[in-house]
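*Asks:* Below are the features I grabbed from Swiss-Prot:
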type	residues	note
ACT_SITE	281	active site, proton donor/acceptor
BINDING	10-13, 32, 39-46, 214, 366, 382-383	FAD binding site
SITE	113	site 'Important in orienting the L-aspartate substrate'
């Protein structure tokens, strides 16, 4: 299958790239599930941009740099912030139903979130991601130049190195048709990775099941640098229930007087921070983690039951309804909660146009490391980054020839030496073991001893998975596990190499912050030459 551009991933970043290209290029969008599926669709908050005359680019940049704890790239941050309004206007032009406010300058309601000094978050009620993605998916489905491959899983990139040629260029990729079970070869002049983050590497995550670090792992295997993978943002309060994966309990519950308590009803936050339940997100997450590990607890509890049922119904109707479905009446009893992996701040190293170290290969959205998020992401900057870098990547692609010559015929996928898997239990066991180990050893609070144990076990898991991959036909679950163990390895190696505590990385062995902030850049051992930006 031949296309001008292959876009891997169907969240906001991937859809933005595809729609900016489609009038001038033949585009294929590859999604491993049916659309819409991905973290963008789940995003509740909104999109940060300077949309009011009382606000300024300088202040938005400054807020971002403060949150990033010294590791933001200031030039990249300024570029993204300054292009924010144009990105929002593009969405409005496509008909995204943002919440309106007749009194606002632009006519839309702006809210304020932690770390922002002004109201600058444009939103669609409390389901912004869904509103944006649903609108764009309809446009993608209707465009004659876009081919949509749903239930297709990108396996690996086809590069010069894979073809045994000198140079560093990407020529497309191999893709598994998950329904038919066969592997397709997709040839493309440019390939864009927009597969999201790696939250599923942890036992508890707010991310959808698709967040298995696919793009990061593919780019790393192909020879791209990866940066700052130790910085994983954790949300402090995710509902703890076997039938409720990834359901967030909003920080507003604590804002309206909710108290964090142990199983016996004792509050613990005042002992950790004078701001108690209103301390910043990372401090609350660390405190909960400390109490759980110290006491061997599966969860702690968030109690809002002292407020009236009418108050709870008015302020938290969704949380009340979801908990009631699961047999938890939050007007009478506390909510079981755990911290959960929320956002991957690191990723594939790119420039401001999404270009990676390999010619013809781009990375956008949570897959990429542009330098915007540094050591900690500022709320609602992630969807902004998806759109601005996505549009920049599309413009860069449009400035190049539509069809690049393929140097040699790309061979079909070779299944001559593999058989059907007869031990699927190996995949499911390793999947469970990896995620539990990452949660216990590489979580919110880290120690060298735990990290070294994780590193040792990951090395063994990688060997087992590589052997399995070499001997059996690829499957959806096997490919996800292969990518997850790669992402886990990058997180652990990055964490071990940082001898300080900064932003989201907190080490008991190195509690101090060093005077100089330096990014952690991992370089593949097999890389031959580097393309400089």
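Every residue, even glycine, has its Cβ placed from backbone N, Cα and C.
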*Asks:* Counting other Cβ atoms within 10 Å of each residue's Cβ, which of the binding-site residues 10, 382 comes out lowest?
*Replies:* 382
*Asks:* Measuring Cα to Cα, how many Å separate the residue listed as 'active site, proton donor/acceptor' from residue 13 (FAD binding site)?
*Replies:* 26
*Asks:* By a simple count, how many Cβ atoms lie within 10 Å of the Cβ of residue 281 (active site, proton donor/acceptor), its own Cβ left out?
*Replies:* 20
*Asks:* Measuring CA to CA, name the entry from the binding-site residues 10, 13, 46, 382 that ends up nearest residue 113 (site 'Important in orienting the L-aspartate substrate').
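*Replies:* Closest recorded candidate to residue 113 (site 'Important in orienting the L-aspartate substrate') by Cα: 46.
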*Asks:* Hey, what's the Cβ neighbour count for residue 46 (FAD binding site) at 10 Å?
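*Replies:* For residue 46 (FAD binding site), the count of other Cβ atoms within 10 Å is 27.
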